[in-house]
Amino acid sequence: MTKLTDEVKKRRTFAIISHPDAGKTTITEQMLLFGGVIRSAGTVKARKSGHYATSDWMAIEKKRGISVTSSVMQFEYQGKRINILDTPGHQDFSEDTYRTLMAVDAAVMVIDSAKGIEPQTKKLFKVVKKRGIPIFTFMNKLDRDGREPLDLIAELEDLLGIEGVAMNWPIGMGKQLKGLYDIANNRVELYRKDEDDRYLPLDENGKLSEDEALAQDSLYQSTLDDIDLLKEAGNTFDKDKILRGDQTPVFFGSALTNFGVETFLDSFVNLAPAPQEHVVNEDEKLAADDPEFSGFVFKIQANMNPNHRDRIAFVRIGSGEFKKGIDVTLARTGKPVRLNNATEFMSSERVQVSDAVAGDIVGLYDTGNFQIGDSIYAGKKKIVYPELPQFTPEIFMRVTAKNVMKQKSFHKGMNQLVQEGAIQLYRGYSTDDYILGAVGQLQFEVFSFRMKNEYNSEVELHTLGNRVARWINPDQLDPKMSSSRNLLVKDRDGEPLFLFENAFAERWFKDKYPDVELTSRL
């Protein structure tokens, strides 16, 4: 086995997906605690104390207690290199999340055990399922009264179409929470106990002899009944199914009280796959331990360090090894680029990196070379990774600078924030109007906040409301086709499109110009 293969096998790169407020950021912090990266895990809601979640680093995230960008965190655990991508839970930022899911080898799905599967979780699950990567489930908030565990397992199959296999099982919940029956490790994990007293072994018959009082407790007896039922009618653990994404191991716990998280992390590290091969150049398979370096840009973030007004391109290494100063080719332009400055992350904290391998995420200082979706490669053979998903905006606003004397900072801020991909920029076809398009309202609020905070440029947003965006072949375009009901604009690449007032206006246009081809995006 080569040194490269050995290093690649140590990598575990995954994203955490959930509905907002299911506890995704809290479980991330607890994992970082076990990785020795942080000394204490604060709760995200404690905003007044000035103590914020490690992964919520942007000013607006700290202010509102929500994640609106994907954070990257890296640490060592049990001889493995863990790369966590903490994605935005808010639906308006799902495009950032979708792209992030293209850069991971597994996903952790966090579910609020009181609420079960919620809409955003369902949406994100579909993307992960499509990729065919393993999904690990953490049923969170066991310290509160929630739904019956059997119902939660059944819901996975009913709503998501995936088999759930229980790795542990609650002994009570809420104020009556006693612990977890650890099926996988044949032990009981007691709630709110020190490390030395936390685990009680079960004998070969599954009997608990070290705590007679608990063994006789009606809650424990109820747990044993559930486990008997699972053995009779539940799904059987199947590692091959897990790796294909057809079965999800289910763990119960409470991220807030750090209960069940360590057991989950231990199992995850052992079960989750190392970096897998990628399909490149449309139909070729590229092994992760192929010696030639290659990767793709899945995210661009401006102002991670507000003092330097910089831009970082996040690259998932798909194959080979990165070395500081490596010369690569940017596939889109064919131009050579030397990668001298690369960083690894602990949210907004950075460490200069001299080498990294397939599975790792590195940040490249970007002076404008990179775009989201770019492929880079070091060998002579061109390598192009598949396109990343792109959403068609649904809400549009005209944007102007409040202070006309600050045009320079207005343009710089707008161009940098647009390059991050959460919001899209259009220009009037025959005017100088700037029009922004987004999937949801929160993106405009974040844009406005960041323009003021990071670029000292206050903006005015004038709503155009919900519009249907449709691109048109330039050869078929006649500017006279434009009207107040179908506004003609051009995208960042200069391609023309109409912003229709509603679906009726689009149908009317198609009836009037039956030969004109409209597409939802280029």
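One-based numbering along the chain as shown.
Cβ from N, Cα, C; glycine included.
Now, the feature entries from Swiss-Prot:
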type	residues	note
BINDING	18-25, 86-90, 140-143	GTP binding site
DOMAIN	9-276	domain 'tr-type G'
Surrounding CB atoms that lie within 10 Å of the CB of K24 (GTP binding site), all protein chains: 28
Average pLDDT across the domain 'tr-type G' (9-276), rounded to a whole number: 84
Among S18, T87, the most crowded of the binding-site residues [Cβ within 10 Å]: T87
Lowest local Cβ density among D21, L142, which the record lists as binding-site residues, within 10 Å: D21
S18 (GTP binding site) - helix vs strand vs coil (DSSP): strand
